[in-house]
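*Asks:* Once you've had a glance at the structure underneath, I'll fire off some questions.
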């Protein structure tokens with residue numbers, strides 16, 4: 001059974017919802033509001049209770065729906081007026097018919113739209129009648145009179161009338177007007193919709209049936225005609241457009257807004273009687289919106305919250321929210337009106353820029369930078385790149401190849417800009433225009449003395465310098481490069497002494513790279529040794545001529561011929577045998593044939609034609625560097641080109657500074673150093689690396705910028721090298737986590753010794769252990785080194801340096817081990833022993849006994865106890881056991897307890913009985929075999 005809501009019943013009966021709800025409650029229905037539902041019987045009963053009211057409401061609706069009769073004064077009728085009179089009854093009949101039809105099934109309400117349309121048609125008919133005999137003037141006069149009459153009315157009278165009408169309303173309507181407003185609005189909408197539908201059906205039925213028109217065919221024919229006309233005129237329009245482009249454009253004149261003056265059309269006088277000239281006003285359509293009159297003032301004194309508007313003071317500050325809302329509304333209205341009245345701004349055309357013929361680019365330029373350079377929009381370039389298959393944004397950097405392809409697409413010749421890297425020191429060594437060929441002068445040769453350990457290199461140099469250098473070296477071996485300069489026959493020769501030990505390979509390679517020729521010292525009694533072969537390879541790699549000095553010919557076992565033959569096997573052939581190397585037999589200890597050796601050196605240097613330009617800024621190589629406690633960073637430099645002066649701004653490796661002081665090989669202070677001159681300088685910020693190049697800059701500012709940039713690049717390179725992981729070294733990286741490492745901090749007197757010691761320690765091969773160099777530097781062991789060693793659990797090794805008093809006391813307090821050495825052999829041996837001791841001990845299994853389970857006992861809260869008898873060896877309390885059943889190991893673990901009778905014992909011997917319990921295992925069975933074993937450490 002269907003149900004109806006009370007509001008639907010109220011709509012059908014034409015009464016308010018409240019009345020229906022009240023009536024339903026009176027009849028005893030359980031309802032709460034107009035949304036409550038009742039069944040059909042209850043709805044019928046409720047409708048019968050409103051029977052009298054329903055018929056009365058229907059009469060009222062029918063009466064309201066009829067339009068008011070308009071008085072018409074007989075005038076001179078024209079054809080237009082007659083037509084309006086004929087159509088007017090039809091409209092009335094349509095409105096009445098629609099009203100009656102809608103009132104039959106729903107409550108009738110006023111159709112305001114139909115009434116407005118009827119009134120408008122009547123007014124139009126009146127105006128048409130008055131036009132013939134001067135009626136227009138009379139109508140205008142009547143309207144002016146009515147307007148003047150309306151102006152005389154005061155606002156107070158209008159307010160009084162509104163209040164009176166409000167008081168005269170019935171109480172029921174006052175109370176119910178807000179509740180029924182929504183229902184009335186819905187009723188009006190339904191009535192309007194039904195009325196429009198009825199009128200449309202009547203008009204359609206009244207139309208005579210004409211021939212059927214094919215609108216699609218007519219539209220297609222019209223479209224074809226328009227296309228044909230457009231095609232005929234397209235050529236003419238194109239020509240006119242081209243001519244318009246060629247003509248210079250005139251600037252648009254800005255038209256100022258003129259005040260709007262209401263037009264007063266001239267009205268012809270009537271022929272019948274002379275009528276005084278009247279000004280006709282413009283017809284105003286009052287159907288849509290009520291037009292505001294400028295002379296009409298409104299006063300809403302009764303509706304103001306703060307009293308009459310005229311009596312308010314400082315009204316803007318009393319209600320800021322309302323004022324803000326009102327001001328926003330007014331601004332919006334003004335803006336809307338202003339936009340319509342403002343003249344259109346002249347549109348400035350974009351200037352057309354010609355593309356450049358050449359474009360100089362650098363790799364990494366962004367799309368925005370390129371667009372700015374070639375005067376194009378970034379979006380245009382992004383589109384071209386997209387068509388080329390490159391997805392880019394305007395802030396994305398492009399590589400050189402992409403930029404060149406883009407310029408080819410634009411038809412521009414692209415050239416890569418060559419930027420000079422101010423931080424690049426190497427360019428001074430390779431630039432052709434850096435040296436002036438006209439200023440080239442002869443320079444002293446740089447000679448490097450190489451050879452195996454204890455073959456007499458330092459003794460030879462000592463003899464050349466007439467000094468005792470070898471006595472100052474620890475262990476009698478040279479452990480860093482010495483640079484010295486001597487004079488022979490009025491010509492200077494610079495000597496570099498390199499270590500012969502295997503740990504100093506990098507130092508020998510460095511010496512060979514800066515030298516002009518090499519003196520290879522070979523002992524006549526020892527012959528060719530491993531470091532001798534290495535020195536030969538370094539010299540050949542540097543393309544340096546070799547002079548062989550066969551030393552120790554005074555010894556009884558000397559055999560120079562054997563040495564010549566061994567060297568020939570390694571590619572060093574004597575000139576006597578048709579080779580290119582000079583051989584000189586000497587005795588450095590007894591000063592034999594030393595002069596002949598020097599003459600040979602000068603002869604080979606003269607053949608090479610060694611020259612340098614002393615006028616340019618100095619460039620060269622770092623031979624050695626160390627940190628002095630009083631002087632700071634001290635670097636031994638070899639000037640290769642130019643002249644080095646005191647106070648020169650200099651960049652050395654990854655550091656910079658100004659030459660504060662300069663001393664020669666004899667320890668004397670000098671102010672200048674020419675080509676091929678070794679000097680020691682101070683004034684650097686940090687200690688450079690041996691083998692770094694140096695260069696003098698124009699000013700300290702550029703030197704500082706270059707040094708900081710080089711330091712930044714070196715740090716970035718180091719970080720990239722440590723963080724880079726590839727598929728190739730991934731396994732090694734994972735495996736390194738299983739290897740034990742010993743952390744070491746190295747401090748030495750010179751940079752070369754630091755490098756040699758670090759390289760030697762990392763080459764120690766002990767399986768399972770590796771050396772990790774935490775920190776290495778030049779200088780004495782200080783407190784920061786001890787702090788770092790404590791934090792990283794490292795060992796501090798000092799090579800030819802001593803710890804400070806503060807560092808020594810801190811090391812004792814923090815229990816940090818510090819080892820001091822002066823011989824590299826002892827450092828390597830000591831580290832090997834320490835690394836071997838770090839290895840995890842290796843164990844092997846040893847079976848000590850075997851027993852058979854004879855009986856089992858299950859004890860609550862304890863577990864299973866196995867009674868056994870030892871059949872071989874013994875079973876100890878600390879041994880591990882295996883439970884073997886039918887030849888299969890079913891459990892492997894530790895003993896929980898071992899007893900003999902009721903006593904706990906440490907072991908049970910052969911052929912003895914006892915009881916045992918196994919940890920975490922209670923499944924012992926008779927005839928199980930118990931195998932006892934221990935793990936013994938394997939001694940290395």
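The backbone N, Cα and C atoms fix where each Cβ goes, glycine too.
Residues annotated as GTP binding site in Swiss-Prot: 451-458, 497-501, 551-554. Residues or ranges marked as compositional bias 'Basic and acidic residues' in Swiss-Prot: 65-95, 112-125, 155-206, 232-258, 292-301. Per Swiss-Prot, the feature compositional bias 'Low complexity' maps to 314-332. The domain 'tr-type G' annotation in Swiss-Prot covers 442-609. Positions annotated as region 'Disordered' by Swiss-Prot: 48-264, 278-351. Taken from Swiss-Prot, the feature region 'G1' covers 451-458. For 497-500, the entry in Swiss-Prot reads region 'G3', with the evidence type similarity to another entry. Per Swiss-Prot, region 'G4' is recorded for 551-554.
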*Asks:* Take the Cβ of residue 457 (GTP binding site) and count every other Cβ within 10 Å, whichever protein chain it belongs to.
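*Replies:* A count of 28.
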*Asks:* Counting across all protein chains shown, how many other Cβ atoms sit within 10 Å of the Cβ of residue 454 (GTP binding site)?
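*Replies:* Here the count is 16.
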*Asks:* Out of 451, 553, which has the highest number of nearby Cβ atoms, where nearby means within 10 Å of its Cβ, if these are the binding-site residues?
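*Replies:* Most Cβ neighbours within 10 Å: 451.
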*Asks:* For the compositional bias 'Basic and acidic residues' (112-125), what are the DSSP-based totals of helix, strand and coil residues?
*Replies:* 14 helix, 0 strand, 0 coil
*Asks:* Please list the DSSP helix, strand and coil residue counts for the region 'G1' (451-458).
*Replies:* 2 helix, 1 strand, 5 coil
*Asks:* May I have the DSSP-based helix, strand and coil counts for the residues of the region 'G4' (551-554)?
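*Replies:* Per DSSP, the residues of the region 'G4' (551-554) fall into 0 helix, 1 strand, 3 coil.
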